[in-house]
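*Asks:* Marked as glutathione binding site by Swiss-Prot: TYR7, ARG13, TRP38, LYS42, GLN49, LEU50, GLN62, SER63. The domain 'GST N-terminal' annotation in Swiss-Prot covers 1-78. Taken from Swiss-Prot, the feature domain 'GST C-terminal' covers 80-201. If you look up Swiss-Prot, you'll see TYR3 marked as phosphotyrosine. What Swiss-Prot lists as phosphothreonine is THR59. Sequence annotations record features per position, and here Swiss-Prot assigns N6-succinyllysine to LYS100, LYS113 based on similarity to another entry. The N6-acetyllysine annotation in Swiss-Prot covers LYS125 and is backed by similarity to another entry.
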Amino acid sequence: PPYTITYFPVRGRCEAMRMLLADQDQSWKEEVVTMETWPPLKPSCLFRQLPKFQDGDLTLYQSNAILRHLGRSFGLYGKDQKEAALVDMVNDGVEDLRCKYATLIYTNYEAGKEKYVKELPEHLKPFETLLSQNQGGQAFVVGSQISFADYNLLDLLRIHQVLNPSCLDAFPLLSAYVARLSARPKIKAFLASPEHVNRPINGNGKN
């Protein structure tokens, strides 16, 4: 396969791109980096971080740049410039919440979880609003075709359902959206695969 994902043995910042590739019927290679192999590899990585993504002779770092590249490659970037701008906006919103989530998981889980869960609805509400403004919430987050931001949002919502199983109860459109996208045949197969199931969400065992 032309694609290689180099990353730690977690879902982390790569599960959205893995779902995208699976749903687009692409195969890819996984180069798994362990705590032993990471220190010698780190100096060669552009920003001294992973994931590293290879598409033939193109090497990319930064998970959102990788998602946008795949969005352009597979026509998952809206149907026109206006939709593309909205897709970017949604993806930036996903990134904001993903950063908050990562801070909780890696720096403040025990002390901060209760407050995080309490404030979560206000962070989820914009996505419910976006769905409600697009075909009554029965389609995708932007327009009538799936975009790279949908895969990123789907992953974000699924990991929050693990953190707080009732987090989408107050958001019927988001709840239905997760069920609908998770039922897409290739995503459903990916989510049932041992690769996904056995890969921890985060690197420290907290989720």
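Each Cβ is built from the backbone N, Cα and C atoms, and glycine gets one as well.
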*Asks:* What whole-number Å value do you get for the CA-CA distance of TYR7 (glutathione binding site) and THR59 (phosphothreonine)?
*Replies:* 13
*Asks:* Going by DSSP, how much of the domain 'GST C-terminal' (80-201) is helix, how much is strand and how much is coil, in residues?
*Replies:* 93 helix, 0 strand, 29 coil
*Asks:* Which state, by DSSP, holds ARG13 (glutathione binding site): helix, strand or coil?
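*Replies:* In three-state terms, ARG13 (glutathione binding site) counts as coil.
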*Asks:* Could you check what DSSP calls the residue listed as 'phosphothreonine' once collapsed to helix, strand or coil?
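*Replies:* Once the DSSP labels are grouped into three classes, the residue listed as 'phosphothreonine' ends up as strand.
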*Asks:* Near ARG13 (glutathione binding site), meaning Cα within 10 Å, which of TYR3, THR59, LYS100, LYS125 (modified residues)?
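*Replies:* Qualifying among TYR3, THR59, LYS100, LYS125: none.
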*Asks:* Kindly assign LYS42 (glutathione binding site) to one of the three DSSP-derived states: helix, strand or coil.
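*Replies:* It is helical.
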*Asks:* Along the domain 'GST N-terminal' (1-78), what average pLDDT does this model show?
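*Replies:* Mean pLDDT for the domain 'GST N-terminal' (1-78): 98.
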*Asks:* Within 10 Å of each Cβ, count the other Cβ atoms and name the one among the recorded positions TYR3, TYR7, TRP38 with the highest count.
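*Replies:* Most Cβ neighbours within 10 Å: TYR7.
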*Asks:* Report, as a single number, how many Cβ atoms besides its own are within 10 Å of the Cβ of the residue listed as 'N6-acetyllysine'.
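*Replies:* For the residue listed as 'N6-acetyllysine', the 10 Å Cβ neighbour count is 13.
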*Asks:* Given a 10 Å Cβ-Cβ cut-off, pick out the one of the recorded positions ARG13, LYS42, LYS100, LYS113 that has the most other Cβ atoms nearby.
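*Replies:* Ranked by Cβ atoms within 10 Å, first place goes to ARG13.
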